[in-house]
Amino acid sequence: MKVLFIGDIVGNAGRKALRETLPHLKQKYNPSIIIANGENAAAGRGITKAIAWDFFNWGVHGLTMGNHTWDNKDIFEFIDDEPRIVRPANFPEGAPGRGHTLIKANGKELFIINLQGRTFLPPIDCPFTKVDWILEDHAEHKCVLVDLHAETTSEKIAMGWYLDGRVSAVVGTHTHVQTNDNLILPQGTAYVTDVGMTGPRDGVLGMERNAVLQKFITQMPVRFTVSEGSWHFHAVLIEMDESTGASKSIQLIRMNEEDLLLI
Ligand SMILES: [Fe+2]
Ligand SMILES: [Fe+2]
């Protein structure tokens, strides 16, 4: 089966990119299951119920989150009752929501796990130990995708090796920059360090660039807002063997707003 995984959707431009791009990508690649990272969907900070439902209505089957999970307080109203959204599983005990879930669509099943790295991010529970426990408890699932939301390339590469042969895919999110190290690891796990970002192209990681520049130059406190304007769309397409759970291919997808005119 083919799984389309879309990198962090950022703000208005990211939502527009998703709405405009998905019909074309569905037609071109025919993915059975579509997963997206939604941690920046509401003005760069968290997600609302209305936005999540828009994504589901447009064809997204499951959403992963990250360090911005709690930034929009709307999330507390619905995350416990929404089985299609996962937040990092290694958030400490007692956090609302769930860290893993089974997504079913088009007659296929994909078990998804969200983890968050600990290097240059808050010192939450160990993602390596946590994923061991989850996989032990859910050994019945063949096709498993892990979104490791992390800052450093090393922590993500380490997780790729750690899970090679135990899950179908380890995809990185959070840096908003797509890496071109997509590969199938020796035991059949598809891997990429970062899927990238679906959002405004002319800012700095999705934020309005003048404010970011001012911060770098003056080192004074500056309020960041999400950037607007034209978008780019970053995703990966992973082909998994349903009988073994191993992946056959992982392909980068990278589009600019102008590319839609060429389709
Ligand atoms: Fe993000
Ligand atoms: Fe993040």
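Every residue, even glycine, has its Cβ placed from backbone N, Cα and C.
Just so you know, TrEMBL annotations never went through curation; they're auto-generated.
What TrEMBL says about this protein:
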{"type": "ACT_SITE", "residues": "HIS68", "note": "active site, proton donor"}
{"type": "BINDING", "residues": "ASP8, GLU39, ASN40, HIS176", "note": "Fe cation 1 binding site"}
{"type": "BINDING", "residues": "GLU39, ASN67, HIS149, HIS174", "note": "Fe cation 2 binding site"}
**Report entry** Of ASN40, ASN67, HIS149, binding-site residues neighbouring ligand 1, Cβ under 6 A
**Finding:** ASN40
**Report entry** Cβ under 6 Å from ligand 2: qualifying binding-site residues of ASN40, ASN67, HIS174, HIS176
**Finding:** ASN67, HIS174
Query raised in the report: Of the recorded positions ASN67, HIS68, HIS149, HIS174, which one sits closest to GLU39 (Fe cation 1 binding site) when you measure Cα to Cα?
Result: HIS68
**Report entry** Nearest-integer angstrom distance between the alpha carbons (Cα) of ASP8 (Fe cation 1 binding site) and HIS174 (Fe cation 2 binding site)
**Finding:** 7
Report summary line: Sequence-ordered list of residues in the chain of ASN67 (Fe cation 2 binding site) that lie 6 or more positions away and have a Cβ within less than 8 Å of its Cβ, or none, is GLU39, PRO88, GLN116, LEU121, PRO122, HIS149, HIS174
Query raised in the report: Distance between ASN40 (Fe cation 1 binding site) and the residue listed as 'active site, proton donor' at the Cα atoms, whole Å?
Result: 7
Query raised in the report: For the recorded positions listed here, HIS68, HIS174, HIS176, which shows the highest count of neighbouring CB atoms within 10 A?
Result: HIS174
Report task. Report the residues of the chain - excluding ASP8, GLU39, ASN40, HIS176 - with C-beta within 8 Å of the mean position of the site's C-beta atoms, for the recorded Fe cation 1 site, in sequence order. Result -> GLY7, ILE9, VAL10, GLY14, ASN37, GLY44, GLY66, HIS68, THR173, HIS174, MET197, GLY199, GLY206
**Report entry** GLU39, ASN67, HIS149, HIS174 excluded, remaining Cβ within 8 Å of their centroid (Fe cation 2)
**Finding:** ASP8, ASN37, MET65, GLY66, HIS68, THR69, PRO88, GLN116, LEU121, ALA150, THR173
Query raised in the report: Where HIS176 (Fe cation 1 binding site) and the residue listed as 'active site, proton donor' are concerned, what is their Cα separation in Å, rounded?
Result: 13
